[in-house]
Amino acid sequence: MQRAARPLVSVSDLDADKAAALKLIPIPSALEARLDAYVALLQQWQAKTNLVAPSTLPQLWTRHVADSLQLVSLMPHARRWLDFGSGGGFPGVVLACAMADVGGHVTLVERIAKKAAFLREALRVAGAPGTVVLADIGDNVDRFPQALDCITARAVAPLHQLIGFAEPLMTPGITKALFLKGQDVDAELTESTKYWKFQPKLHASLTGGQGWIVEIDHIERRT
């Protein structure tokens, strides 16, 4: 007799983590339903494709979903988003779920075909407005939208590289970048100033820990 696969994380643990996440960032029921569909799909795919670190699965809602959702409050009027290196969909798919009721759209850039396939399925299942571009972040800039409100990235590359990827896509006075970073943010900022002129604004993550969001709205290359 074939045994059913054991759940990657218990339902009770995930429900408790979801409750904690929604206490941090309350959301409408329609958005909650879309995120539920996305999280369920991610758990299915995680069994065969490494989309998030397995150790973080019990904190999927607080560690990943809420961490991504907080970007919306920093750019409440943004409708045209681009997410570099979307991977398992954080923050790209979460942002797309949030854009469904406000007429927004998210472009998700991913270089690994298997993950890009997951992202497309996640957008479909969640009913979220987005487009997946299978590409390396540093290449094919002409394939990305040229009119953007916000560029995001999470756990993809060092800050100075992300700034370089974002710079040709940013329209002064319109586009901002929001990069989610960890405990090494100060060192990454110092390294980035060797190559770029910019005035970052730091936001402490609502999810606690040592997370930070680096907000940038103007970039100049040092000569």
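Backbone N, Cα and C atoms are what each Cβ position is placed from, and that goes for glycine too.
Copied over from Swiss-Prot:
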BINDING   Gly85, Phe90, Arg154  S-adenosyl-L-methionine binding site
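Report note: the S-adenosyl-L-methionine site is defined by Gly85, Phe90, Arg154, and the residues of the same chain whose CB lies within 8 Å of the CB centroid of those residues, excluding them, are Ser68, Asp83, Phe84, Ser86, Gly87, Gly88, Gly89, Pro91, Gly92, Thr152, Ala153, Ala155, Val156, Leu180. In this structure, Phe90 (S-adenosyl-L-methionine binding site) belongs to neither helix nor strand by DSSP; it is coil.
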